[in-house]
Every structure is written in C-alpha cells, then in structure tokens.
Amino acid sequence: MVFQKPPDGGWGWVIVVVSFFTQFLCYGSPLAVGVLYLEWLDAFGEGKGKTAWVGSLANGIGLLASPVCSICVSSFGARPVAIFSGFMVAGGLMMSSFAPNIYFLYISYGIVVGLGCGLLYTATVTITCQYFDKHRGLALGLISTGSSVGLFIYAALQRELIDLYGLDGCLLIVGALSLNILACGSLMRPLESSSASPPPEKMCVDKAPDQYFVYHEKEKIVEENLSILEKGFVDEKCMNNVPDLKQESILNKNVLNEKDTYKKKVVEQTNFCKQLAKRKWQLYLNYCEETLVLFKNKVFSALFVAILLFDIGGFPPSLLMEDIARSANVNEEDYRVPLISIIGIMTAVGKLTLGILADFKWINTLYLYVTTLIMMGVALFAIPFAKSYLTLAMLSGILGFLTGNWSIFPYVTTKTVGIEKLTHAYGILMFFAGLGNSLGPPIVGWFYDWTQEYDTAFYFSGCCVLLGGFLLLVAALPCWDACTDQSSKLSPNTYSYKVASNT
C-alpha cells in the first residue's frame with residue numbers, strides 16, 4: 001500500500017502522545033519485572049536461571065513474534081491490533097495473580113503479556129514512522145520514552161502495591177491499569193493511502209467471499225428446482241396413473257440440464273479457489289525473496305547479529321540489578337531510589353537525547369548506534385567491581401542511558417532498507433532481538449547457579465555486546481560502499497546505508 005506523504009505534524013502528534021502512553025502502560029510491568037522476580041524467587045523457591053525465564057519471556061516473546069506482529073499490523077492496521085493487544089496484556093497480568101507455580105507464569109506472564117507487548121510495540125512504531133519523516137527521530141524518541149518512564153514508575157509502584165496488597169493484589173491492580181490501552185489504541189487513526197483503488201491481489205481476496213456466496217446461492221436454487229421437478233413429476237404420475245412418456249422425457253431432460261449447470265458451477269468454483277491459493281502462494285514466495293534481498297545488504301546482516309548479541313548481554317541488568325545488589329550485600333537502608341527506577345529514568349533520557357541527535361544531518365546515526373554498543377560493553381565489564389549502592393546506581397544510570405539506543409534503532413533500520421521495507425525488515429530484526437532478550441537473563445542466572453557469583457556472567461555479557469558493536473563497525477566501513485551499492489541495484493525499493501556524511 002502506498003501512503004500519503006508523512007504530514008510531520010497535525011494528528012501525528014496525537015499519535016505520538018497515545019503511543020507514549022501505550023508503551024507506558026504495556027511495558028511498565030514487564031520492564032520492572034525485577035521487583036516481581038525477587039518475590040517469585042521467595043514464593044516458588046526455584047533457581048535464579050529458571051525464575052528468570054518469566055521476565056525474559058515477557059520481554060522477548062513479543063520480539064520473537066515480530067514477523068507475525070508485522071503481518072498483523074500490515075493486514076489489520078495499527079488501531080485494531082492495539083485494541084486487541086490491550087486485552088491480552090491486561091488479561092495476562094490478571095491471570096498471573098492466580099499462578100500456582102512458575103510454569104503457569106511462563107504462559108500467563110511470559111507468553112500472553114509478552115505477545116501483547118510485541119504487537120503494541122510494532123503497531124506504535126509502524127504508525128509513527130508513517131506519520132513522520134523529517135522529525136522521525138524525535139517522534140520515535142518520544143514514544144520510546146514511554147516504556148522507560150513506565151519502568152521508572154512501575155518499579156516503585158509495584159513494590160508499594162506488594163507491601164500493601166501482596167503479590168497477587170499487585171498484579172490484579174496493574175492488569176486493571178493496562179485496560180487504558182484500549183482508549184489509547186482507539187485514537188490511532190490510520191494514515192490514508194494515496195490511491196483509492198486497492199491492489200489487485202487484495203481485490204481478488206476481498207471478492208472471494210462474495211463469489212463463493214453467489215455460487216452457494218446458485219447451488220441452493222438448483223437443488224430447489226430439482227426437488228420441485230421431482231415432486232411435480234411424482235404427483236402427476238400418481239394422479240393420472242397412466243405413464244406419459246413424452247412428459248417424462250421432458251422432465252428428465254430438464255433435470256439433466258440443471259445437473260450440468262450445477263456441475264459447471266462447481267468446476268468454476270474449484271478453479272477460482274485454485275487460482276486464489278496460487279496467488280497466496282506467490283505472495284509467500286515474494287516474501288521469501290524480499291528477505292533474501294535484505295540479507296544481501298552487509299550492513300543489515302551485521303545489524304541483526306549486533307542486535308542479537310546486544311540483547312543477550314545488555315538486557316539482564318534491567319532484570320537482575322536488584323538481585324545483584326542483594327548478592328553484593330548492599331545494605332537495604334542505603335536504597336534511596338530502586339536501581340531499576342534509575343535504569344528506567346535514564347533510559348528515557350537516553351532515548352530522547354539520542355532521538356534528537358539522530359535528526360541532525362551532520363551526525364551519522366549508524367556510527368552513533370555503534371558507539372552506544374561499545375560503551376555498553378565497557379559498562380558491563382565494570383559491574384563485577386561495583387560493591388556499593390553508589391557505584392551500582394552510577395552504573396545503572398550509564399547502562400540505562402545507553403539502552404536508550406532503542407529509539408534510534410528504527411531510524412537506522414529505515415535508513416538502511418527504506419520506509420517501504422521497514423515493517424518487513426524491522427520484524428526480522430526484532431525476532432533476533434527477542435531471541436537475545438529470551439536467552440540473556442536465563443544465561444546470567446545459570447552462570448550464578450553454577451559459580452554462585454555474577455562476575456563471570458557479566459564478563460560474558462560485556463564480550464557479547466562488544467563483539468556485536470565491532471562487527472557492525474566493520475560492516476559500516478567506507479570500503480564496503482562499492483559492494484553495498486551493487487546490492488542495492490538488485491531491488492529498486494532497497495538501498496544501502498551510506499556511512500559517509502553528506503558533507
């Protein structure tokens with residue numbers, strides 16, 4: 001579908017506001033799951049690696065399903081998907097309050113809530129990119145701060161609700177708050193397409209039910225005619241009690257004609273279904289071909305490796321920082337602000353700051369993203385040396401600010417593959433991001449269960465993030481420009497990311 005030129009304002013700012021609150025409401029609890037993580041450890045008595053799966057699934061399953069989420073948004077639109085996802089997030093949180101064991105939480109909190117968050121994230125990012133072009137970096141930065149502000153507020157809110165109403169009451173109240181997503185989703189008015197006529201494939205699909213209805217009605221008419229003819233023939237034969245060969249032959253001829261017509265319509269209906277299935281199969285083949293074209297772009301290929309390694313190493317601190325402090329024997333009286341809240345507020349600052357920087361023409365957003373990855377790896381190496389609340393708070397702020405590079409990731413993806421392929425490419429990249437989110441915290445938890453300390457785990461995490469950053473840096477070097485220019489000629493709708501500045 002070809003959309004109108006992005007208005008870069010108007011109703012687009014309403015989209016930014018409702019997308020902000022949507023991400024605030026849906027991601028507040030999953031990102032602040034570290035508070036719940038400690039309660040689940042005490043309630044169910046399972047290992048750290050096993051319990052960490054709940055939070056990692058909640059943050060990773062939606063990203064793993066990003067290709068499916070992208071298809072849903074493309075097929076149904078952002079507004080219906082957002083409203084449906086609001087029911088999923090609220091329902092999953094309320095179901096989690098009745099969890100009898102950790103395995104029930106894998107489904108209710110991990111899968112249901114996580115999938116709802118993934119659908120909402122794809123819907124908000126897609127509709128924002130459609131409404132903005134010139135100020136896209138600022139718009140994405142603003143909406144992405146919603147999840148960070150949610151992390152900051154929900155970390156303290158969930159702790160307070162647990163003290164007042166217990167773990168079950170906390171989840172019920174948070175689930176009820178999530179129902180406000182329905183009101184936000186109803187305001188996501190879609191940007192109208194520039195062409196009034198739908199694509200040929202869609203027209204065929206839309207007409208399919210109508211044509212089947214026509215065939216079905218004709219089939220009913222044929223059956224009624226057959227029954228009337230047979231009934232009339234039998235009644236007349238009984239009344240006269242004398243065989244009328246001429247009339248019998250006429251009736252038989254009419255019956256045969258009706259049967260031939262019916263068979264002809266059945267054949268036509270069968271051929272139509274075959275053609276429809278053939279068109280659908282061709283669409284799937286085109287999707288696979290477009291995916292292969294994307295991976296011929298070296299920057300895109302390096303980007304999916306970088307995002308996978310970044311989430312394996314960079315996501316665990318936001319989930320486990322409270323337990324890291326407890327393992328380091330930090331005095332609870334020193335806790336002025338929860339560490340997760342510090343990560344949340346600094347993530348919001350980072351997203352907004354990096355989003356604004358991405359709009360400056362003299363700043364290369366790909367190099368900016370690589371810089372955040374390398375700095376993140378260095379900060380992860382410093383976690384084992386932090387043994388006080390002050391040092392952990394400082395590292396939490398640094399890690400939170402660098403995690404704000406999520407706001408420029410859609411911007412980098414758009415510049416790499418083009419706005420036409422954003423939904424397709426972003427769905428693939430988010431799949432690998434979800435895989436990293438799902439594996440990171442359990443890996444760190446298993447390292448702790450194995451060594452009884454977090455040092456080795458965060459050395460491993462730092463190596464992962466640094467490796468991803470250096471791979472992306474190598475792929476973005478100017479010496480690859482000639483190769484990426486040749487790959488861009490394979491498809492007129494994709495182009496390689498130009499690492500050199502326009503100046």
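Residue numbers in this text run from 1 along the chain shown.
Note: Cβ is positioned from N, Cα and C throughout, glycine not excepted.
These figures come from a predicted structure and were not determined experimentally.
Per TrEMBL, the feature transmembrane segment maps to 12-40 (among others).
For the transmembrane segment (52-73), the residues of the chain that approach it from at least six positions outside its boundaries are 30-31, 33-34, 36-37, 40, 81, 102, 105-106, 109-111, 113-119, 121-123, 126, 311, 315, 319-320, 423-424, 426-431, 433-442, 444-445, judged by C-beta separation under 8 angstroms. Feature annotation from TrEMBL assigns transmembrane segment to 52-73 (among others).
The transmembrane segment annotation in TrEMBL covers 80-98 (among others).
For 104-125 (among others), the entry in TrEMBL reads transmembrane segment.
Sequence-distant contacts of the transmembrane segment (137-157), counting only residues of its own chain at least 6 positions beyond either end whose CB sits under 8 Å from a CB of the stretch, comprise 12, 16, 19-29, 31-32, 34-35, 124-125, 128-129, 131, 174, 318, 338, 340-341, 343-348, 350-359, 365, 400, 404, 406-408, 410-411. Taken from TrEMBL, the feature transmembrane segment applies to 137-157 (among others).
What TrEMBL lists as transmembrane segment is 169-188 (among others). Counting residues 6+ beyond its ends, the transmembrane segment (169-188) has Cβ neighbours under 8 Å at 14-15, 18-19, 21-22, 25-26, 28-29, 36, 78-79, 81-83, 85-87, 89-94, 96-97, 120, 123-124, 127, 154, 157-158, 161-162 in the same chain.
Annotation comment: TrEMBL describes 299-315 (among others) as transmembrane segment. Sequence-remote contacts of a segment are chain residues at least 6 beyond its ends whose Cβ falls under 8 Å from one of its Cβ atoms, and for the transmembrane segment (299-315) they are 56, 59-60, 366, 373, 376-377, 380, 399, 402-403, 409, 412-413, 416-417, 425, 428-429, 432-437, 439-441, 443, 460-465, 467-469, 471-472, 474-476, 480, 484, 496-497, 499.
Annotated transmembrane segment per TrEMBL: 335-354 (among others), in sequence order.
The transmembrane segment annotation in TrEMBL covers 366-386 (among others). If one looks beyond the transmembrane segment (366-386) by at least 6 residues along the same chain, the residues whose Cβ comes under 8 Å of a Cβ in the stretch are 299, 306, 310, 313-314, 317, 324, 328, 354, 357-358, 392, 394-395, 398-399, 402-405, 408-409, 412, 415-416, 454-455, 458-459, 461-466, 468-470, 472-473, 476, 497, 499.
Annotated transmembrane segment per TrEMBL: 392-413 (among others), in sequence order.
Sequence annotations record features per position, and here TrEMBL assigns transmembrane segment to 425-447 (among others).
Under the heading transmembrane segment, TrEMBL lists 459-480 (among others).
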For the transmembrane segment (104-125), distant same-chain residues with Cβ under 8 A (at least six beyond the ends): 19, 22-23, 26-27, 29-30, 33, 40, 53-66, 69-70, 72-73, 78-79, 81-82, 84-89, 91-93, 95-96, 98, 140, 143, 181, 185, 188, 410, 423, 426-427, 430, 434
Top Cβ-contact partner of the transmembrane segment (392-413) among 12-40, 335-354, 425-447, 459-480 (pairs under 8 Å): 335-354
Chain residues in Cβ proximity to the transmembrane segment (335-354) (below 8 Å; excluding those fewer than six residues from its ends, i.e. six or more beyond): 31-32, 34-35, 141-142, 144-145, 147-156, 159, 317-318, 321-322, 325, 368, 372, 389, 392-393, 396-408
